[in-house]
Amino acid sequence: MTRIQDDLFATVNAEWLENAEIPADKPRISAFDELVLKNEKNLAKDLADLSQNLPTDNPELLEAIKFYNKAGDWQTREKADFSAVKNELAKVETLNTFEDFKNNLTQLVFHSQAPLPFSFSVEPDMKDAIHYSLGFSGPGLILPDTTYYNDEHPRKKELLDFWAKNTSEILKTFDVENAEEIAKSALKFDALLVPSANTSEEWAKYAELYHPISTDSFVSKVKNLDLKSLIKDLVKTEPDKVIVYEDRFYESFDSLINEENWSLIKAWMLTKIARGATSFFNEDLRILGGAYGRFLSNVQEARSQEKHQLDLTESYFSQVIGLFYGKKYFGEAAKADVKRMVTAMIKVYQARLSKNEWLSQETAEKAIEKLDAITPFIGFPDKLPEIYSRLKTTSGSLYEDALKFDEILTARTFEKFSEDVDKTSWHMPAHMVNAYYSPDSNTIVFPAAILQAPFYSLEQSSSQNYGGIGTVIAHEISHAFDNNGAQFDKEGNLNKWWLDEDYEAFEEKQKEMIALFDGVETEAGPANGKLIVSENIADQGGITAALTAAKDEKDVDLKAFFSQWAKIWRMKASKEFQQMLLSMDVHAPAKLRANIPPTNLEEFYETFDVKETDKMYRAPENRLKIW
């Protein structure tokens, strides 16, 4: 039998870990996933009810329900022909030469399902957060990340073989000739991309990916395509700069995107179109289309038709469904209570920053200014993004609706370039069990769905709530001061606001945090301290600040606080899924998240009488304190 002094995670969650079962259609079960399952059940019933009693007074929700009904009309889906998919494939098949491809770039972006072998995006400018910038990156890889392509990776061959076989079967369904050769050619192009692709560690340090290049310099370096004309077609003007997020890809552009590789690029585009179409037709094709993803994570069976129907609707109407969910399930009492906790947590942070022992007063004061400028959003947004008023279902097929929606969404992406950034917009729907900090707007967002037990409940004690949602709130605040967020000022701009000596001291703290987790063994392999450092800084800051706030309450119970902390990180997952997370997820494995941060807190040792001989013991000189 385990003891808290040896393993907080395993002891607190012992009964749950023994009894919890991973759903057959998921790679894991966790405190988060349990709420997701509850929400799915509620929303499926809600949308089915709305299907019978159409919300004619809510035009956006009405369109979502129409699409939901179409997604669930399996009689029509089973009979639907593939002419629209074949039409999309033909848009690429008829590009016989690289010259044809060059002459059709704009058409492919705005009026086809074919992805280009490079990507332009419109994001808030990291150095001018009120305006948008044009970003440039590579096209993404077939395997989860670059580490999977190492020859010593145990799953490399089986995953690539499975993808090729699965993709050729999909292509054959759409009557594509030479399906096996096309799948093999796509893999050849994918392999060419690997050396120039960012690693997961590089993506994790997103503040370091901001590489602005004047548009003239950017387009002149690329000889094989007329990117100047494409950019003008995309954003209807000539920006003064392009932000390159994947340097190696940009440097390698002409050696990858050229006449010699055209047949490989063409094959790669065809596979993307075909795979992307599998969700919109008959049941056999839907099952076939999801097979690779299930094999990757060792998921036992496909999502049910009902869940798929909800998933597909959410993929286009997420904020619409979120707003409906928030208004139905999130009460004013809970909103007021969570707002009170956010205010309390910010006050705790103010006090901790003012007493910080390793920052100069000047930097601490600027940190407090940034803290005071953080805007919290709780529950659900006040309004929907305007784009939803444009999404209208038609009399055509489910796939044809999706094509139209994708065109509208793509056009909207580039249309935003000439507008100011709306810092009140939400990037997560209210029914998503999650929370986030946005560095470019300096906002923290807590959707309604996470504001449920075990994270939060009006029925739980204050210590339980601080051990749950309190740590999540403080975690998101801490992201303003993690290795990425700390580089953004109170306005959301990438801007050096620290004194040099303070930032150097912070970098030393980061190294200590990396060392604390790096190489720690889990059942799926060792943790990568560099990949997960930002989230670990936020976890440590979160539990530290929430603990301080919990102690200020009259009914403080630190055993309940630490137990609740361990409960929110409970998780069981397939080994394959855990291995994938180790390679690419910026969060630490669940058990390490639960067990390591408390060992840096004196109160943990006092509460559970942890001794030097216990496994959870960390010597005082090795206990890390950042915020």
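Just so it is clear, glycine is given a Cβ too, placed from its N, Cα and C backbone atoms.
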Record-annotated Zn(2+) site (Swiss-Prot): member among Glu407, Glu415, Glu419, Glu535 besides His475, His479: Glu535
Fewest-neighbour residue among recorded positions, criterion Cβ within 10 Å, set Glu476, Glu535, Asp539: Glu535
Using Cα positions only, nearest of the recorded positions to Asp539 (active site, proton donor) (His475, Glu476, His479): His475
Cα distance (Å, whole number) from Glu476 (active site) to Glu535 (Zn(2+) binding site): 9
Three-class DSSP secondary structure - Asp539 (active site, proton donor): helix
Reported mean pLDDT - the domain 'Peptidase M13' (1-627): 97
His479 (Zn(2+) binding site): tally of other CB atoms within 10 A of its CB: 23
Count of other CB atoms lying within 10 Å of the CB belonging to His475 (Zn(2+) binding site): 25
